[in-house]
């Protein structure tokens, strides 16, 4: 009986050993698997955030060149910065996926460091964007005033940019329609046809003070309000993306802990 008990006990122990084989070989297997899944999901969101930054940068770049000319260097280079950061974020996320797939401690650590630097950059960009909002009034005023002054002698593309702006935003001049006084046409008190409520050929001749025919609202206020709104959305997007990336770093650290524990056991 005792031999049977021992055999049964031995069989039980052997069977229990095979059942728990993955756990015995990888004591933190479940933790590492969970961390892997979370990191993959987080990296997928990070890739999408990178693509979103690229698309946002392209849209802002197109909008700036097709509507209003801004002479400020930092403002005109902002879309390019968004595109570059978006591309970098995408490749860092891809690098993180490779590190997670190989369960490489060094690669996951490098991924966390790079992602941390990107987060600092994004938070800095959000702060810079908020500060930039306060300077928009001067930047927009100078840009529009320059466009109005150069309109008559400008190229067809230059004129089209300002005409499209005035038609789309239903505005005229910088602060109001009187900004065109002495700057357009041979007929007194004339404004570009794009200032008209109903745009037709020659509708702006001598019609500067006619509120029934000409938009009396200046473009400065409208453009400033529009840009401030868009910049605020960019700031919010940057902070949300930074938060998602912080979650990615947390999951990466969890995986690093699992990988390191596995090495210590082995």
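Glycine is no exception: its Cβ is also placed from the backbone N, Cα and C atoms.
The structure displayed is predicted, hence computed values, not measured ones.
Per TrEMBL, the stretch carrying the note transmembrane segment among 14-35, 80-101 is 80-101. Checked against TrEMBL, the range among 113-132, 133-152 recorded as transmembrane segment is 113-132. For residue 203 (disulfide bond), the same-chain residues that are 6 or more apart in sequence and have a Cβ closer than 8 Å to its Cβ are 193, 196, 213. The Cβ of residue 171 (disulfide bond) has 165, 215, 217, 218, 219, 221, 222, 223 as same-chain neighbours under 8 Å, each 6 or more residues away in sequence.
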